[in-house]
Amino acid sequence: MKLPWSAASCSWPSSACCACSAAPDWKKRRSPTCNFMNPSPHTPGHARKVPWGAFWRLVLIQAQNSFNEKGAQFLLIPLGVWLYGTQGDLEYPLGAIIVLPFILFSPFVGWLSDRFCKARIIQSMALLQICVLAGMYWSLRTHNLDGAILWFCVFAVQATIFSPSKKGIVKDIVGTSRMGFASGIVEMASILSLLIGQIGVFVWFRYLLEPSTDTVWHHWLGEGFFQWFDAWLKPSGLNDGWYAASFPCLVFLLMAVPVAISSFYLPRYAPEGFRPFSWSLFYEHFHQLGKLWKNRNLRVSEMGIGYFWFFGGTIMLMTIQMAKEISGGSDDFSSVGAVLMAWMSGGTVLGGILASLICRRHIRMNVSVAGGALMALSCVALSTVSMTSTVFYALLMAAGISAALFLVPLNAFFQDRADNDKRGDMIAAGNLVDCVLGLMAVGFQYAMMLVIPPSWQFVVMGILSLGMAWVIFRFSRVAPGAR
């Protein structure tokens with residue numbers, strides 16, 4: 001199996017390429033030269049200035065991909081409620097769809113990221129995103145819900161392939177000394193994009209069901225423009241959920257084009273993995289997890305990272321349940337859900353920025369410990385107040401801040417301690433753990449929804465968070481280099 005950006009295609013002297021350094025005999029069966037422009041910055045002897053322009057371009061690309069992915073998912077959830085009322089439970093199958101490809105293809109995408117140029121993979125996935133959004137838009141335009149869900153499945157596969165490469169290239173660009181800051185920015189930009197996507201789409205969907213005619217856009221462009229616009233995109237008049245879903249999807253499609261173009265300006269670094277393709281990549285999940293499990297630094301830090309995604313997935317589904325209960329499944333569902341998510345999301349963004357600043361020079365594990373303890377306290381406090389009170393909103397924000405404080409140092413520690421030639425493989429293994437826990441969150445919250453109210457669900461999450469904070473505290477006291 002050979003792709004155009006394979007490490008086997010070369011034209012530079014081996015001394016100029018970090019990927020051509022000492023390797024076992026089977027790894028040396030390749031041309032002695034390499035066509036990549038940049039050696040990896042963490043390789044000894046290649047000290048250079050960090051290309052911050054490339055880093056911020058990467059942040060934009062991955063943030064836009066996260067935004068569109070989550071936006072597409074959260075277009076379908078209110079559409080299901082609009083079509084089926086309180087019985088529209090699309091959030092559960094969609095939550096499973098988004099994580100299943102990570103579980104099924106984790107070893108293969110990890111190998112892909114290690115074996116081939118990460119920048120080329122990112123570029124290919126940016127182009128695939130355009131195709132996916134075009135197909136999804138057409139399905140929504142023609143009132144084909146099954147087709148839209150099918151295209152969303154393809155989007156989930158795209159995100160699976162994209163993830164190890166966009167994470168793995170961060171260290172190539174910034175090196176070890178800036179990993180705490182860079183990792184925090186990348187993760188928080190991704191999370192911010194996910195949150196803006198899901199909240200913004202909820203608000204947008206509600207507005208498009210019954211759009212106001214007294215907006216700045218109507219004053220600037222005139223009613224005639226909107227009449228033409230609606231004749232093309234909204235033939236069935238007001239309160240049309242299909243239009244409320246298809247128009248944002250079209251905007252996502254148009255946004256994806258310039259970002260895909262910008263991906264072709266990312267620097268290319270030679271891959272450091274040389275394992276040949278084998279069909280076992282599609283079923284060696286336990287072997288991949290075994291390698292991660294043997295490294296205590298990676299094992300414990302990934303336990304914390306995975307718990308963050310379990311916590312976030314569970315709380316997100318809880319907010320949807322609470323929005324249904326508050327709105328009664330009416331058209332106000334999406335606006336109520338957006339308010340609840342906005343408070344949690346705002347806290348997550350603020351916490352991510354704070355953690356990145358604290359860890360801008362060094363990775364500080366005590367920040368994760370404090371974040372885990374605050375997660376537990378916030379959840380217990382949330383169980384004691386009304387879902388519609390101002391105090392409840394403030395506590396949701398506190399939970400978001402603490403969750404981000406918990407995540408950022410753990411994620412930076414994990415990426416920094418993974419071996420350079422296995423980083424993509426270990427990131428993919430970590431993604432596998434994250435997604436298994438994300439899938440468990442779907443089933444876990446669904447089970448809680450059937451037997452206990454949201455207030456008691458918060459108590460359960462508080463107990464789990466306290467236990468995880470204790471695990472990270474014990475680890476931080478003995479981990480080499482942890483502070």
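Backbone N, Cα and C define each Cβ position, glycine as well.
Quick look at what TrEMBL lists:
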TRANSMEM  92-112  transmembrane segment
TRANSMEM  119-139  transmembrane segment
TRANSMEM  145-163  transmembrane segment
TRANSMEM  184-205  transmembrane segment
TRANSMEM  242-266  transmembrane segment
TRANSMEM  304-323  transmembrane segment
TRANSMEM  335-358  transmembrane segment
TRANSMEM  365-385  transmembrane segment
TRANSMEM  391-414  transmembrane segment
TRANSMEM  426-448  transmembrane segment
TRANSMEM  454-473  transmembrane segment
The transmembrane segment (365-385) versus listed stretches 119-139, 426-448, 454-473: most Cβ pairs under 8 Å:
454-473
Contacting positions for the transmembrane segment (145-163) when only residues 6+ beyond its ends and CB under 8 Å are counted:
62, 65, 68-69, 72-73, 76, 79, 83, 93-94, 97-102, 105-106, 109, 112, 121-122, 125, 128-129, 132-133, 135-136, 138-139, 245, 427-428, 431
Against the transmembrane segment (92-112), which of these stretches has the most C-beta pairs under 8 Å: 242-266, 304-323, 391-414?
304-323
Contact yes or no, the transmembrane segment (242-266) and the transmembrane segment (119-139), 3+ Cβ pairs under 8 Å, gap 6+:
yes
Hey, which of 119-139, 184-205, 335-358, 426-448, 454-473 has the most Cβ-Cβ pairs under 8 Å against the transmembrane segment (304-323)?
426-448
Tertiary contacts of the transmembrane segment (335-358) (same chain, 6+ residues out, Cβ under 8 Å):
78, 180-181, 184-185, 187-188, 191-192, 195-196, 198-200, 202-203, 206, 315-316, 319-320, 322-323, 326-327, 364, 367, 371, 387, 393-394, 396-405, 407-409
